[in-house]
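TrEMBL has this to say about the protein:
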type	residues	note
COMPBIAS	35-46	compositional bias 'Polar residues'
REGION	35-58	region 'Disordered'
DOMAIN	41-361	domain 'SAM-dependent MTase RsmB/NOP-type'
BINDING	Cys143, Ser144, Ala145, Pro146, Gly147, Gly148, Lys149, Glu166, Asp197, Asp215	S-adenosyl-L-methionine binding site
ACT_SITE	Cys269	active site, nucleophile
Amino acid sequence: MLNRFSSVTDITQILLSQGFSSLLSQADVPELSRNDASTVSNSTHQKGADTLSHPCSSKCRPEDFRLLPCITSHPLGQPRRSELPLRLPRSSLQCYIHPRPLRFPSQAHRPGQLKQYYLLNAASLLPVLALQVRDGDTVLDLCSAPGGKAVAIMQSATPALLCCNEPDPHRRAWLAKTLESFLPPSLSSRVMVSAQDGRSFGKSEAGFYDKVLVDAPCSNDRSWLHSSCRHQGQQRLEDRAKLPVLQTQLLRSAISAVRPGGVVVYSTCTLSSLENCAVVEAVLNDFPGAEVESLWEEIALPLSKYFAFISRPGHKRLDAKPSPCPPTDAPSCSHDKLGILVVPQPGKTWGPMFLSRIRKKG
């Protein structure tokens with residue numbers, strides 16, 4: 001994923017010469033109706049550029065990201081840009097993908113210098129695409145560390161506020177360093193790092209946010225697939241039994257924190273239906289005013305040439321090249337009704353990734 005706040009011309013040329021292609025090409029995604037707010041370019045974030053002020057901005061040093069509580073009130077009487085129809089964006093988010101697994105050098109963190117690109121699992125961008133952040137939105141990244149999806153959000157649009165939450169101090173330091181590496185100082189008034197327990201936002205920030213991303217702690221089958229450590233595998237099996245309770249609490253908190261008409265995206269990197277569809281279904285039972293929106297035509301169909309998506313148990317999965325791996329061994333829910341699931345493929349290094357978008361009715 002390229003950083004739009006840094007010069008990336010040379011990196012783009014290198015990627016293309018090595019056989020990379022753009023994940024979000026013009027032909028893959030439908031047209032996006034632009035809103036009135038212009039997207040941020042490099043020129044608008046030079047020293048002295050205007051930034052949005054909020055109650056915490058006077059406490060922020062412009063050169064770093066402070067650990068601040070997310071604001072608890074928001075301006076009244078302002079139109080919500082996010083009430084416009086949602087479509088898959090193709091604006092400033094630039095991500096390049098390679099057809100085969102290969103190593104690409106990472107860039108070291110250097111204070112005061114922005115990195116040109118972020119290395120991530122390609123499927124990790126899908127929850128951000130589903131969130132459909134628009135300029136001027138108030139956004140909460142509830143489980144933000146290490147910060148890849150927060151960076152992707154800021155590559156996609158210019159929200160009025162992005163609150164990146166991480167209660168663990170070590171992971172929070174990692175998150176802050178990631179933000180510092182990819183975002184210019186002039187955005188420090190729009191981006192804040194919070195240390196709250198994610199389960200508390202439903203009360204402390206009730207109805208405040210336009211969009212909430214819950215990239216929940218999970219049993220992480222992605223790491224398991226690429227790990228040979230038996231001890232870690234056993235630990236994940238033990239954690240798997242406890243995680244659905246925490247995931248359900250986080251998703252409940254997120255839906256309470258989003259405003260009427262706003263959306264929540266819930267995602268994991270596990271194949272476990274207990275951590276995916278079962279969590280979504282349990283929370284929907286508690287919120288009759290919330291409903292799942294289909295991501296099948298919006299994300300699965302346009303991106304099926306890159307990812308293998310499951311439709312329903314017992315049905316064929318959607319991918320460009322059929323794979324010998326059985327598509328429905330682990331999941332046991334109807335993913336086209338409660339979410340979509342990217343399954344791992346031989347020769348690929350992305351997936352699994354489950355995502356579900358829930359809209360809170362007005």
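Cβ atoms are placed via backbone N, Cα and C, with glycine included.
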Densest Cβ neighbourhood among Cys143, Cys269 (recorded positions), 10 Å radius: Cys269
Residues Cys143, Ser144, Ala145, Pro146, Gly147, Gly148, Lys149, Glu166, Asp197, Asp215 [recorded S-adenosyl-L-methionine binders]: greatest CA to CA distance in Å: 20
Chain-internal residues, separated by at least six, CB under 8 A from Gly147 (S-adenosyl-L-methionine binding site): Cys164, Trp174, Leu175, Thr178, Leu179
Local Cβ density at Asp197 (S-adenosyl-L-methionine binding site) - other Cβ atoms counted within 10 Å: 12
Residues that sit under 8 angstroms from Ala145 (S-adenosyl-L-methionine binding site) by C-beta distance, when 6+ apart in the chain: Glu166, Asp168, Arg171, Arg172, Trp174, Leu175
Lys149 (S-adenosyl-L-methionine binding site), number of other Cβ atoms within 10 Å: 23
Separation of alpha carbons, Lys149 (S-adenosyl-L-methionine binding site) and Cys269 (active site, nucleophile) (Å): 13
Mean per-residue pLDDT computed across the domain 'SAM-dependent MTase RsmB/NOP-type' (41-361): 79
